[in-house]
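Worksheet: the structure to be examined is printed underneath.
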Amino acid sequence: MARYVFITGGVVSSLGKGIAAAALAALLQARGYRVRIRKLDPYLNVDPGTISPYQHGEVFVTDDGAETDLDLGHYERFTGRPANQQDNITTGRIYRNIIEKERRGDYLGATVQVIPHVTDEIKNFVLEGNEDYDFVLCEIGGTVGDIEAMPFLEAIRQLGNELPRGTAVYIHLTLMPYIPAAGELKTKPTQHSVKELRSIGIAPDILLVRADREIPESERRKLSLFCNVRESAVIQALDVATIYDVPIAYHKEGLDSEVLSAFGIDPAPKPRMDRWEEVSHRLHNPEGEVTIAVVGKYTGLKDAYKSLIEALHHGGLANKVKVNLDWIEAQVFESEDPAPYLEKVHGILVPGGFGERGAEGKILAAKFARERKVPYFGICFGMQMACIEAARNLVGIEDASSSEFGPTREPVVGLMTEWLKGNMLEKRAAAGDLGGTMRLGAYEAVLKPDSKIAQIYGSTDIHERHRHRYEVNIDYKDRLEAAGLNFAGMSPDGVLPETVEYADHPWFIGVQYHPELKSRPFEPHPLFASFIEAAIEQSRLV
């Protein structure tokens, strides 16, 4: 039978509940346990697919096509377990399910209410499909006290009573701020947060306390006394240099031991931390460094590129170098010469995005990389802009553009109206809904055996995750290839271009999919490892 760990947050948002959940899962895995992590998001959107990246950050896509919270990316990277549609739920999805049931008459005329119908739907989500796991970690989004989170907190309170005794543990993540004028850390915000949680009916078993400096023993005793938890269960969560230091830091503080003790597991299996120690060693002892320019649209909020950032660092791990990121807003190149920004970097990456803003700047970045022989990695939108650049400057199609930007006589990039998903034909219309209507999830691609990208993968058959509505127009394939842009990867039916590259360029690859979503610290994605390797070579030339 699975044991359940419920992780809540208090005082302020963005404390790192997702990282805490992922780190704890990694520690339990290191002891040989099978672990699943689930995220419960209180917002009313059905999923984050249509939320602005500036508000929500990255949309993480799973193999089965779910558009989910970016925390699921942390879960995958820390545990290696692929997430799926059933690992993320939102208030919007819960209400949609309930309304559909009510319309069908499933409630037999009952008045549909938050309690029991909404809370029951949440509990069903938490409990479903956990037969193969020893531990299920549930992160509750938001902060204790938020009105949106109340049904979720009530649901996990009920589960604490309904689950067999000793199979549910509550962890509360809080902040202990340092007040410079007083010269001390303050416990009062944590005390009030726990008081709020207890008023709902949840008594935390463990306090995970974020702080920017060591918490004195006297303050831990104070928290233990006023929050009614064991002193050993007041765990300090100090700031660390990288997120990959968190599992080791939490293990040293005894978080995993305290969780197992709360479940009555004694003696517990000893953890094997060698993998995490190796990653930490490589991160803190690089043998060199490279600089990658990320020419994007949402550079003001790095969370919009969370998986991309981590995948680049994984590429650095594979090559034992530090990867420095130079963030450049693509619009800058529409009014300024790209050369001063790009001459000293060792690689250029143009990530995914939507809309016309910044597109011309990304096209100019691709042009600079092609002409100056600088390693270029175009992902999704970045591949599309590279193809438009080639069409304009190599093929001579001056009006080459994307139908995403409006009507055009030369739609080198156009809206996909149909594609195969397994044996099913998926269809879309330009006037259709935005939510959940893209080409989403893992799809197969076939690579040319003699291509650079096939050599990098070591295979001609790959499966990668997609999230896009627009695709390079196959009608332009022959002219682009004649100009030197090789369509090295296609969908199995030969209709959708998946990868492009230049044979006469040291490293210029565009991919329609999102390889960053499948990169792990222990298994860096081969494209990112190869891209950073090419950047190292470029660093010797600059």
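Note: Cβ is positioned from N, Cα and C throughout, glycine not excepted.
On a predicted model such as this, the values are computed, not experimentally measured, just so you know.
Under 8 Å, Cβ to Cβ, and six or more positions away along its own chain, CYS380 (active site, nucleophile) finds PRO351, GLY352, GLY353, ARG467, HIS468, VAL511, GLN512, TYR513, HIS514. What Swiss-Prot lists as active site, nucleophile is CYS380, and the listing cites sequence analysis.
Taken residue by residue with DSSP, HIS514 (active site) is part of neither helix nor strand, so it is coil. What Swiss-Prot lists as active site is HIS514 (among others).
Feature annotation from Swiss-Prot assigns active site to GLU516 (among others); the stated evidence is sequence analysis.
Its Cβ taken as reference, SER13 (UTP binding site) is surrounded by 11 other Cβ atoms within 10 Å in the chains shown. Feature annotation from Swiss-Prot assigns UTP binding site to SER13, LYS186, THR187, LYS188, PRO189, THR190, GLN191, LYS222.
Counting only residues at least six positions away in the same chain, the Cβ atoms of LEU223, PHE226, CYS227 sit under 8 Å from the Cβ of GLN191 (UTP binding site). Under the heading CTP binding site, Swiss-Prot lists SER13, ASP146, ILE147, GLU148, LYS186, THR187, LYS188, PRO189, THR190, GLN191, LYS222, citing sequence analysis as support.
The annotation ATP binding site is assigned in Swiss-Prot to SER14, LEU15, GLY16, LYS17, GLY18, ILE19, ASP71 on the grounds of sequence analysis. DSSP classifies ILE19 (ATP binding site) as helix under the three-state reduction.
Annotation comment: Swiss-Prot describes TYR54, GLY353, PHE381, GLY382, MET383, GLN384, GLU404, ARG469 as L-glutamine binding site. Taking a C-beta cut-off of under 8 angstroms and a sequence separation of 6 or more, GLN384 (L-glutamine binding site) has the following same-chain neighbours: GLY378, SER402, VAL412, VAL413, TYR470, GLU471, VAL472, GLY510, GLN512.
In three-state terms derived from DSSP, GLU139 (Mg(2+) binding site) belongs to an extended strand segment. The Cβ of GLU139 (Mg(2+) binding site) lies under 8 Å from the Cβ of ILE7, LYS17, GLY18, ALA21, ILE37, ARG38, LYS39, LEU40, ASP71, each of which sits 6+ residues away along the same chain. Marked as Mg(2+) binding site by Swiss-Prot on the basis of sequence analysis: ASP71, GLU139.
The domain 'Glutamine amidotransferase type-1' feature in Swiss-Prot is assigned to 291-541; the stated evidence is sequence analysis.
If you compare Cα positions, SER14 (ATP binding site) sits closest to TYR54 out of the binding-site residues TYR54, ILE147, LYS188, PHE381, ARG469. ARG469 (L-glutamine binding site) counts 17 other C-beta atoms within 10 Å of its own C-beta, drawing on all protein chains shown. Taking only the Cα positions, the spacing between GLU404 (L-glutamine binding site) and GLU516 (active site) is 24 angstrom. Highlighted in sequence order, GLY9, ALA20, ALA21, HIS74, GLU139, LEU173 have their Cβ within 8 Å of the centre of the Cβ atoms of SER14, LEU15, GLY16, LYS17, GLY18, ILE19, ASP71, the residues recorded for ATP, and are not part of that set.
Fewest other C-beta atoms within 10 angstroms, among the recorded positions ASP71, GLU404, GLU516, are seen around GLU404.
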